[in-house]
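Below: one structure, written as structure tokens.
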Amino acid sequence: MAGNRTFTMIKPDAVENGHIGGILDQITASGFRIVAMKLTQMTQRDAETFYAIHKERPFFGELVEFMTRGPIVAAILEKDNAVEDFRTLIGATNPEEAAEGTIRKKYAKSIGENAVHGSDSDENAQIEGAFHFAGREMF
Ligand code: RTP
Ligand code: MG
């Protein structure tokens with residue numbers, strides 16, 4: 001069904017700081033079902049491809065370095081209105097601007113190292129999920 005899946009990554013900062021459990025608990029308590037999930041590490045080429053839309057931005061090099069420096073948790077999540085509801089759950093890109101109780105408000109330190117990713121459209125959710133998972137890894 002269109003519109004009911006999104007893709008997320010628990011980023012290297014949150015994994016390093018021991019927040020996998022807390023973040024997954026908040027995600028599932030908020031009504032998202034885990035469709036696919038793994039601990040993995042992006043190569044430089046993976047990160048450059050995944051974030052190709054940002055390649056002209058001044059922070060692109062830093063972003064690729066950050067996203068490749070350690071393992072991430074990649075997951076596909078299912079819920080009605082998944083993309084929008086998940087972006088609400090994680091909060092603004094800059095944790096200083098994120099609403100109280102959001103995942104980035106609780107776990108992120110800076111605009112660059114902001115704990116979690118959430119797809120920004122149904123189309124990108126599909127592309128990003130397929131980037132990380134084969135069909136037989138989706139349940
Ligand atoms: P995401 O894609 O990770 O869910 O984050 P987002 O939509 O809220 O933000 P986006 O504009 O797509 O930026 C992607 C990621 O790039 C890093 N960033 N750094 N230093 C900076 O000014 C800056 N701006 C963005 C963040 O890791 C951001 O999540
Ligand atoms: Mg984005």
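Yeah, the Cβs are placed from backbone N, Cα and C, and that goes for glycine too.
Here the structure is a predicted model, which means the values were calculated and not measured.
Annotation source TrEMBL lists active site, pros-phosphohistidine intermediate at H117. Around H117 (active site, pros-phosphohistidine intermediate), taking its Cβ as the centre, 20 other Cβ atoms fall within 10 Å, counting all chains.
Within the same chain, residues at least 6 positions away in sequence whose Cβ sits under 8 Å from that of R104 (ATP binding site) are I90, G91, A92, T93, P95, A98, N114, A115, V116. Taken from TrEMBL, the feature ATP binding site applies to K11, F59, R87, T93, R104, N114.
The domain 'Nucleoside diphosphate kinase-like' feature in TrEMBL is assigned to 3-137.
Across the structure, H117 (active site, pros-phosphohistidine intermediate) and F59 (ATP binding site) place their CA atoms 16 angstrom apart. Taking the Cβ of F59 (ATP binding site) as centre and 10 Å as the limit, one finds 12 other Cβ atoms among all the protein chains shown. Under the DSSP three-state reduction, R104 (ATP binding site) is assigned to helix. In the three-state DSSP reading, R87 (ATP binding site) counts as helix.
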